[in-house]
Amino acid sequence: MSAIINNIEIIKAKSTKINDVDFDNLKFGSVFSDHMLVCNYENGKWQAPKVTPYEPITLDPSAKIFHYGQSIFEGMKAYKDADEKVWLFRPLDNFNRLNISAKRLAIPELPENYFMEGLKALLEVDSDWIPKNEGSSLYIRPFIFASGNGFHASPADAYKFIICTAPSGAYFSGKVKVLIEEKYSRSANGGVGFAKAGGNYAGQFYPTQLAIEKGYQQVIWTDDNTHEYIEEAGAMNIFVRINDTLITGPTSDRILDGITRKSIIQLAEAENIPVEVRKITVKEVVEAAKNGSLKEMFGAGTAAVISPISGFGFKDEDFDLPELEDTYASYLKKRITDIQTNKTEDPFAWRYEVK
Ligand SMILES: *Cc1c(COP(=O)(O)O)cnc(C)c1O
């Protein structure tokens, strides 16, 4: 069966898997909807995208993704409100960041209409997969990788841009205990830390495993040069609250420009929560923990929105954060998710209706 939506060709799956899915018990990113968007870069240009059944892809063993790691991705979510309207959150920011990542990895930049029209066509075809229950959403994973062949260490001549989606339930990660990293680095000046490149994650796994063996769940990345500045929490941006001031580091080559991070900064500014964007030293966080002025720490990213931190380890010493009644973390999370799911006004015009 073939159809056209938004100028995009749709090749429908022969049957749906939706009846096999237990929407009340979804493990994050492990069940995939019936279709995907596929767009190939060949002969020097991005070809028209298509919606196809979700299915395995075949690659040559010499495909450059396997050898030289040209691979980038995005993470976003679609929400369905009580009236069955479908919403995205700041989707053009994801599109723009995908192209920032593409440029850094010498991947050809993607036209905006292929991303936006392709995504909208995919969401229309798989609209039944967007969960409606509280806290649930359809997680969206756009990605590009080098599918062109050859062992020559140079950018590929062919790429695939794909969008897959995965229904996901409320993300109850609980509070995490983190370890401030003093040896390994996630990113470096002049490197690819600001890009959502697959390799950034590969490099994080080993130090994170070491932290887990020591009883922590996540690593707090510090600057590669001195390890004196706090930069990110795992694959999330980090916020620290000292007394009533919320602080996060400035974006750079090393700190990813998260959409959740900048939304939190804008919300805090609009709601008179004192917020500072500046470098944060490990020393001041340790001192604040010791003198009781460190009230909260949390990670910020699309998947969990806000992920509170219960305490941190540094140089063989553990520091616990207080259990507060009213946290910035829970307040800001509710404000953002209410905007995302069309439960409240959207003074920032962040919501984007898919229709
Ligand atoms: C994706 C990501 C974030 C969060 O970005 P959002 O746009 O808020 O999802 C933060 N840090 C790193 C390293 C990331 O890869």
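A Cβ is built for glycine as well, from the same backbone N, Cα and C atoms used for every other residue.
TrEMBL: automatically predicted annotations, no manual curation.
Summarising the annotation, TrEMBL assigns N6-(pyridoxal phosphate)lysine to Lys196.
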Chain-internal residues, separated by at least six, CB under 8 A from Lys196 (N6-(pyridoxal phosphate)lysine): Ile72, Phe73, Glu74, Gly75, Arg97, Leu98, Ser101, Leu256
Secondary-structure category, per DSSP, in which the residue listed as 'N6-(pyridoxal phosphate)lysine' falls: coil
